[in-house]
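Visitor: Quick one: this structure, given as structure tokens, is what I'll be asking you about.
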């Protein structure tokens, strides 16, 4: 029999053991949620489905005219790759279509979906070497339609070129960061790679079509890649490390030249305009007799006529008004104060007399004589 002193001690031990069990359970759950590095899902073999499939499944897709020559050349390789998984592939050059269908030997139920993706990628100008990777278990594909995202054709071409970058540098950087193969062709972007990479590629492509430059997303991907290497930061939030970009281009609305100032809102309707009878009542004309009204009208007409007559007379009289003459400017009298240097003028006249017209100056004569002497020396 247990004593009364031992009972509380056992209860205390139970209480201590409960949080330890909870911690272990949470640790086990965390270990289950995290996928260990280098782990691969076991491949689907014939032993998993020995009886095969019950019904035949098939998929077909059309391809453009310019892909006909390439598909005709690489079709034996496509058939060889699909025959390994017991899938039949046919190429119809007349109709311009590719078809894949399961056979009685097909054991993998999902291989037909991968074969469908293979022919879709081949139709979207992806090379056979890259498209055949879709048959692997850890590889997926995503065909992003970008044609309907931008209305203006010129703007669409510019944004698509921005995604490719100068000499394909932006696309190459995106491929290295996401471990995906990306192919931009026409109105679609085809991507092949792991699921995590495809998610990032789709985000970058859609953001580029929404006029967000891909360099911003590439920068965040580079930071995420470096943070993933740190084991401590793996389980933490990365928001504080990621850059926050501000939109610089603000849509400025064109303001009108004439701004109409809105009146203050009043719940009451505007006052009713005065009628002719109201005006007559206010002035007292309403109570006058017909003869008095007629007399007033005639007086108003005569006053108007008199005003018009005076105006007309003023306009006629304007023609007879002489224009204003400019004030006469008096000629300036020659000032007697200005002194003339007579001696300087005499010297100038003497020099002019001694000098012949077209004669050389003393300096010019010296230079000419020196030049003649040099010529004579050379001749000797």
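Using the three backbone atoms N, Cα and C, a Cβ is placed for every residue, glycine included.
Take a look at what Swiss-Prot says about it:
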COMPBIAS  8-27  compositional bias 'Basic and acidic residues'
COMPBIAS  249-261  compositional bias 'Basic residues'
CROSSLNK  23  SUMO2 cross-link
CROSSLNK  339  SUMO2 cross-link
CROSSLNK  368  SUMO2 cross-link
DOMAIN    153-205  domain 'KH'
MOD_RES   4  phosphoserine
REGION    1-32  region 'Disordered'
REGION    249-279  region 'Disordered'
REGION    307-336  region 'Disordered'
Visitor: If you average pLDDT over the domain 'KH' (153-205), what do you get?
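Guide: Result for the domain 'KH' (153-205): average pLDDT 94.
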Visitor: State the residues, same chain only, that lie 6 or more residues beyond the ends of the region 'Disordered' (249-279) and have a CB under 8 A from a CB inside it; answer 'none' if no residue qualifies.
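Guide: For the region 'Disordered' (249-279), the nonlocal Cβ contacts are 286.
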Visitor: Using all protein chains in view, find how many other C-beta atoms are within 10 Å of the C-beta of residue 368 (SUMO2 cross-link).
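Guide: I get 11 for this one.
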Visitor: Using DSSP, break the region 'Disordered' (249-279) down into helix, strand and coil residues and give each count.
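Guide: Taking the region 'Disordered' (249-279) as a whole: 4 helix, 0 strand, 27 coil.
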Visitor: Tell me whether residue 368 (SUMO2 cross-link) sits in a helix, a strand or coil according to DSSP.
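Guide: DSSP call for residue 368 (SUMO2 cross-link): helix.
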